[in-house]
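Copied over from TrEMBL:
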{"type": "DOMAIN", "residues": "A:77-276", "note": "domain 'ABC transmembrane type-1'"}
{"type": "TRANSMEM", "residues": "A:12-36", "note": "transmembrane segment"}
{"type": "TRANSMEM", "residues": "A:76-100", "note": "transmembrane segment"}
{"type": "TRANSMEM", "residues": "A:112-133", "note": "transmembrane segment"}
{"type": "TRANSMEM", "residues": "A:145-163", "note": "transmembrane segment"}
{"type": "TRANSMEM", "residues": "A:195-219", "note": "transmembrane segment"}
{"type": "TRANSMEM", "residues": "A:257-276", "note": "transmembrane segment"}
């Protein structure tokens with residue numbers, strides 16, 4: 001509803017607003033749409049359109065069948081899913097425990113908090129990280145993609161702020177009834193913080209799924225590559241997904257194969273996005289702004 | 001400040017250690033996994049920065065490599081590639097600040113002025129999405145849209161025009177980088193301004209309108225002043241973080257544009273150290289960047305405090 005004091009906008013002003021917002025939205029949507037359409041397009045569609053297809057007239061999933069017939073993409077998806085699921089589970093558990101323990105005035109609480117906050121200020125650098133991962137024997141192991149990301153300072157701050165706002169009286173009364181700290185965390189604090197824990201978990205999941213540089217740095221073994229590295233190698237750098245890797249003849253147009261790889265990297269995010277969107281404004285703004 | 005505050009609270013709750021341990025041991029147990037993580041994957045690498053002061057040889061390891069004092073930093077000083085990387089970093093940061101920073105503010109003002117909630121929700125849904133896409137995906141989408149064989153250049157060729165090398169021209173690379181940043185994060189960065197706009201007292205607008213202030217006067221005298229604190233804060237923090245311009249974005253495009261335009265401090269560290277095998281030079285560049293970055297961030301945060309803003313590191317907590 002327009003408040004009474006607000007004048008009706010002039011048509012010119014309306015048009016500019018529509019142009020800016022509409023243009024911005026279209027610039028985001030069109031590339032994504034073209035990628036999805038081209039991945040579903042038949043060879044003839046692609047040849048007729050000269051490369052990219054805005055809307056496939058004969059949709060086919062041949063590109064995906066080809067992509068998944070060889071071991072390459074299936075293996076990469078397994079790697080990415082494993083890293084994302086296990087990484088998120090570990091990271092959420094570690095972050096909840098640490099954030100709760102430092103959200104109350106307890107023994108060692110303050111020095112540990114400072115230990116975490118210092119990570120916001122300084123980054124140890126690529127080379128020392130590489131040397132540590134190497135010393136631990138994690139090179140070429142999927143744990144090198146999981147363990148270094150097991151605690152994000154931003155997610156920690158969001159959770160800790162939320163935990164600090166849980167009323168102390170609630171916890172005190174549970175303690176008087178004989179509940180231990182573990183019980184309080186599991187039975188009172190975590191159920192109260194479901195939404196914000198979901199946000200933090202989704203942020204971690206997106207981070208693990210999207211991580212690219214870790215894999216480039218720590219993994220030489222191409223059979224352990226996650227989806228993002230496949231995307232970089234076969235689409236961005238244009239290395240051809242040759243027949244021996246896929247094992248199917250005849251290959252569909254390389255264009256649609258490449259776009260299918262892009263879609264594989266895109267789909268999990270688009271599927272998670274509605275859940276993310278429902279919560280993040282609430283969770284993140286309360287977490288970050290109240291600080 | 002922090003120390004004094006904590007020691008006074010200690011005195012107030014001055015229980016003996018054994019009593020506190022009996023009360024808090026479960027909480028301490030909960031800290032252990034996180035602390036272990038920090039020690040192994042943060043503080044150990046921080047100490048590992050000593051290789052910046054060594055002539056590090058991988059087969060000798062940190063313990064047996066020879067110390068060479070500040071020699072690595074002297075070498076960096078004499079290395080034109082390092083200065084190129086530093087220059088590129090600063091140029092890119094400046095271009096980002098000038099061209100990226102105002103975009104989310106403008107978008108937020110337009111979105112906030114929308115009367116229809118449905119349009120607003122639609123726009124937000126679309127605008128936030130790219131933030132969650134990986135840099136590999138974003139750069140790939142740009143390449144497929146603007147690259148030599150991409151969507152747009154295909155259209156140009158079909159129309160009989162010359163293709164434009166958006167993705168490979170080093171001279172326009174800063175603009176390309178900012179365009180990618182705007183595409184990915186301008187919508188997301190809008191959130192904080194939208195949140196600030198919801199806190200503006202509507203009666204101010206109403207009173208101003210009753211006094212005859214038009215749309216632009218209200219924008220200038222009410223809306224922008226109420227955004228000022230957020231803008232100042234984000235500006236200061238961005239300046240404090242100026243040596244970090246994004247890493248994956250550059251590593252992904254360094255091959256196609258060339259290191260002359262796309263080498264930044266982080267990629268220099270990676271290519272000199274991990275790829276080139278000159279571990280010590282890479283570590284020295286990384287350490288220099290880390291220390292200067294920390295000082296800048298700390299300085300920016302203190303400045304924010306002095307201006308009465310909360311900053312990112314708060315005194316109370």
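Each Cβ is built from the backbone N, Cα and C atoms, and glycine gets one as well.
Curation does not apply to TrEMBL; its annotations are automatic.
Below 8 angstroms of C-beta separation, residues 98, 101-102, 139, 144, 148, 151, 153, 156, 217-218 of the same chain, each at least six residues beyond the ends of the transmembrane segment (A:112-133), sit close to that stretch.
With pairs at least 6 apart in sequence, the transmembrane segment (A:76-100) and the transmembrane segment (A:195-219) have 3 or more Cβ pairs within the 8 Å limit; the two touch. Across A:12-36, A:145-163, A:257-276, the stretch most heavily in contact with the transmembrane segment (A:76-100), judged by Cβ pairs under 8 Å, is A:145-163.
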